[in-house]
Amino acid sequence: MASQGTKRSYEQMETDGERQNATEIRASVGRMIGGIGRFYIQMCTELKLNDYEGRLIQNSLTIERMVLSAFDERRNKYLEEHPSAGKDPKKTGGPIYKRVDGKWVRELVLYDKEEIRRIWRQANNGDDATAGLTHIMIWHSNLNDTTYQRTRALVRTGMDPRMCSLMQGSTLPRRSGAAGAAVKGVGTMVLELIRMIKRGINDRNFWRGENGRKTRIAYERMCNILKGKFQTAAQKAMMDQVRESRNPGNAEIEDLTFLARSALILRGSVAHKSCLPACVYGPAVASGYDFEKEGYSLVGVDPFKLLQTSQVYSLIRPNENPAHKSQLVWMACNSAAFEDLRVSSFIRGTRVLPRGKLSTRGVQIASNENMDAIVSSTLELRSRYWAIRTRSGGNTNQQRASAGQISTQPTFSVQRNLPFDKTTIMAAFTGNTEGRTSDMRAEIIRMMESARPEEVSFQGRGVFELSDERATNPIVPSFDMSNEGSYFFGDNAEEYDN
């Protein structure tokens, strides 16, 4: 069912395409990007933003959220049926920041959702352009992955908070389609499934009746998506068992938690896409660049080239470090929240620090924050090299995972070892052999035990000079093998709260 994901490239998922050749894919992804850019230009005109204000990432986020909210059919229907005081279900808006007399001021804007939908469709040749909406969702998800640690969500479902490298895409809305499913980490899928099973345990009617039938179909579909991410037969077999369970309960939760842990070493295949804020696409379109004609790919050199020439600004709070804010956004743009810091640093050409060492909070500014002391600065989003994004998880002959975060989920297809603290990971498996699946469990544990942290993944793969667009001369970096690099290592990042 969902394993079609493996048959179609991300770009096809991203553009709802049937099988297309590379040129058609590049054109349809380009069309999607161009549509986002045209929409953004039009919104900047509507809001009377000058060029600098239009390149402010906080304004971009507000405009992006407005269009996502305008197209959120289920929520819109819900809001109309359950009117809440002071909220107009037909309107959407948010904070827009402008320079007034040398100071940044916050202005709350409100628009008819219908009007936003009209502007979006007009920018996308009359289409709803769902692919473009999903692209924006994935950019927001990548930014969340880089900014917040999902410890609380993990602990609530009985998982280890150190498993955060499995949590890519954990804030993606359910409606994000195949492209969204492709970028979700193993932990994210496990979390969604456990939440579902817990509801079934607490609510007798959850699996019953007409609604229950739909619930069951959704459950099996999510199981298949997760199964498609695993790369070993034993993990896939355990997923079949979870999916076929007559009445999913605690045994399934145990199996899923076991599988999530196993993914720290036997990593799943999780797609990585470079999704940029709308304020990058807008100015590019405005300068006359034709994305559809030139073609575009989310996993190749194109996003790197675009970021090399883009000017993006950000508001900075009084005690924040602009360089650290830049790193946060750079990681989000490159979908590198769970990549090894050694690799990210090499590609970026400047040292990438773990989250706990960054003096910066999230990009968005809360409505109750005082604007008086807030300044703006240029985000440094350029890179020294570029590398191909991977979907493989980087397992050598079926295994691999690093410490603190206790694992990584590689973003770039670049040769390195993927160090992991085996004792920490294996400790989680001792003595837990009850459950019906001990043969599969034994097989999975055996594969994990034979994994060696020093083995090299992505053999022979390297980074490329930005001028080397055809990827002809790979530069294979050499890393200090002993030094592992996890972003959330020993961390104090804020929690993500919806």
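Each residue, glycine too, has its Cβ placed from N, Cα and C.
The annotation compositional bias 'Basic and acidic residues' is assigned in Swiss-Prot to 8-21.
The feature region 'Disordered' is assigned by Swiss-Prot to 1-21.
Annotation source Swiss-Prot lists motif 'Unconventional nuclear localization signal' at 1-18.
Residues or ranges marked as motif 'Bipartite nuclear localization signal' by Swiss-Prot on the basis of sequence analysis: 198-216. Long-range neighbours of the motif 'Bipartite nuclear localization signal' (198-216) within the same chain, counting only residues 6 or more positions beyond its ends whose Cβ lies under 8 Å from a Cβ of the stretch, are 157, 247-250, 253.
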Residues in the motif 'Bipartite nuclear localization signal' (198-216) grouped by DSSP into helix, strand and remaining coil: 13 helix, 0 strand, 6 coil
Mean predicted confidence [pLDDT] for the motif 'Unconventional nuclear localization signal' (1-18): 51
